[in-house]
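Peer 1: Encoded as structure tokens, here's the structure I'll be asking about.
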Amino acid sequence: MTDWIDGQGRQIDYLRLSVTDRCDFRCVYCMAEDMRFLPRQQVLTLEEIERVARLFVAGGVRKLRLTGGEPLVRPGIVGLCERLAALPGLRELCMTSNGSQLVRYARPLYDAGLSRLNISLDTLDPLRFRAITRNGELDKVLAGIDAAQAAGFRRIKLNAVVMKGRNADEVPALVDFAIARGLDISFIEEMPLGQVGRERGESFCSSDEVRALIAQRHALLDSAEQSGGPARYVRLVEHPQTRIGFISPHSHNFCATCNRLRLTVEGRLLLCLGHEHSLDLRALLRRHPLHDGPLLEAIGEALQRKPARHEFSAAGEVQVLRFMNMSGG
């Protein structure tokens, strides 16, 4: 097989791999405060994750992203990065992190071959940061960003989930922070995954509203740039080195060009973030430890069932009970 093609004719060249459901934060949009995590036997081993990645890269996937939970709380993560970075045909090995562990891990990750880092940063206010993350320390994340730049990472992007009443008023300040640090930043519409104990519809902030906030202070230039993910980009006329992205699952969904799949840490291959359609790869991995044929056949059949689009609603109703940390955030 040379290409993974789904039932809509879309080429799949991007796989997100969740290496853990655990996290040292409890972000309000990601999980419940009293989240219960998976027992070890239900979690894929690093060897199983590597095996899946190897199969997909051999079949045409060119970009892998390691996610969580927080991937840096998984023991052995640096060694996994080193092995994945060496896969023939892989062009990009990326990671999404909350940044709290990067003072320790930035240099080892860079040396292991990680090519890109996305770092979550929803606010620059320490008290708000603790409220959104429920227990996080902003200073650790800011130090982690510094450590990543010092380690040599040149392709660092900040991710901010924008919520009215929590951090929407900080959009301009976050842009200014990205400019000052020479970083890109993407603003994300909150996704209705899991019961998080509050009304999402009341805090929903669309990408168009975020763009309008930025345009009050900066002249924007639309860009046709693509990163292999769902973001639409603009450049700042006076600071063209900073790229601003908008990830808009509600207001400007990107389903028609969807090129990605997600593997959860329990081994479910999610065909769409907004649907429960999935393939139990863990069972196949453990039933066929020496033979890839059954896995390849099952993946090919599953791809034909990948939905044309999600059904997310900006009204805030939960369409998927699975939490974001269980989905590969």
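In case you wondered, yes, glycine gets a Cβ from its N, Cα and C as well.
Keep in mind the model is a prediction, meaning the values are calculated, not measured.
Summarising the annotation, Swiss-Prot assigns GTP binding site to R16, R65, T96, K157, R260, L261, R262 and lists sequence analysis as the type of evidence. The [4Fe-4S] cluster 1 binding site feature in Swiss-Prot is assigned to C23, C27, C30; the stated evidence is sequence analysis. The S-adenosyl-L-methionine binding site annotation in Swiss-Prot covers Y29, G69, S120, M191, and the record cites sequence analysis as its basis. Residues or ranges marked as [4Fe-4S] cluster 2 binding site by Swiss-Prot: C255, C258, C272. What Swiss-Prot lists as domain 'Radical SAM core' is 7-230, and the listing cites sequence analysis.
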Peer 1: Based on DSSP, name the secondary structure state of K157 (GTP binding site): helix, strand or coil.
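Peer 2: DSSP assigns K157 (GTP binding site) to strand.
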Peer 1: Using DSSP, would you call T96 (GTP binding site) helix, strand or coil?
Peer 2: strand
Peer 1: Relative to the Cα of R260 (GTP binding site), which of the binding-site residues C30, G69, C272 have a Cα no more than 10 Å away?
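Peer 2: Cα filter at 10 Å returns C272.
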Peer 1: Test of understanding: give the count of other CB atoms lying within 10 angstroms of the CB of R65 (GTP binding site).
Peer 2: 22
Peer 1: For R262 (GTP binding site), just give me the three-state DSSP call.
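Peer 2: Where R262 (GTP binding site) sits, the three-state DSSP reduction gives strand.
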Peer 1: Work out how many Å separate C272 ([4Fe-4S] cluster 2 binding site) and T96 (GTP binding site) at their Cα atoms, rounded off.
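Peer 2: The Cα atom of C272 ([4Fe-4S] cluster 2 binding site) is 19 Å away from the Cα atom of T96 (GTP binding site).
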Peer 1: In Å, how long is the longest CA to CA span across R16, R65, T96, K157, R260, L261, R262, which the record gives as the GTP binders?
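Peer 2: If we measure all Cα pairs in R16, R65, T96, K157, R260, L261, R262, the largest is 21 Å.
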Peer 1: If you run the three-state DSSP split on C255 ([4Fe-4S] cluster 2 binding site), which class comes out?
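Peer 2: Reduced to three states, the DSSP call for C255 ([4Fe-4S] cluster 2 binding site) is helix.
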Peer 1: Least buried of the binding-site residues C27, L261, going by other Cβ atoms within 10 Å?
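Peer 2: With the binding-site residues C27, L261, fewest surrounding Cβ atoms within 10 Å: C27.
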Peer 1: With every protein chain in view, how many other Cβ atoms are within 10 Å of the Cβ of C272 ([4Fe-4S] cluster 2 binding site)?
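Peer 2: Other Cβ atoms within 10 Å of C272 ([4Fe-4S] cluster 2 binding site): 22.
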Peer 1: Cα-Cα, whole number of Å: T96 (GTP binding site) versus S120 (S-adenosyl-L-methionine binding site)?
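Peer 2: So the Cα of S120 (S-adenosyl-L-methionine binding site) lies 8 Å away from that of T96 (GTP binding site).
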Peer 1: For R65 (GTP binding site) and S120 (S-adenosyl-L-methionine binding site), determine the Cα separation and express it in whole Å.
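Peer 2: The separation of the Cα atoms works out to 14 Å.
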Peer 1: Taking only the residues in the domain 'Radical SAM core' (7-230), give me the average pLDDT of this model.
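Peer 2: The answer is 93, the mean pLDDT of the model over that range.
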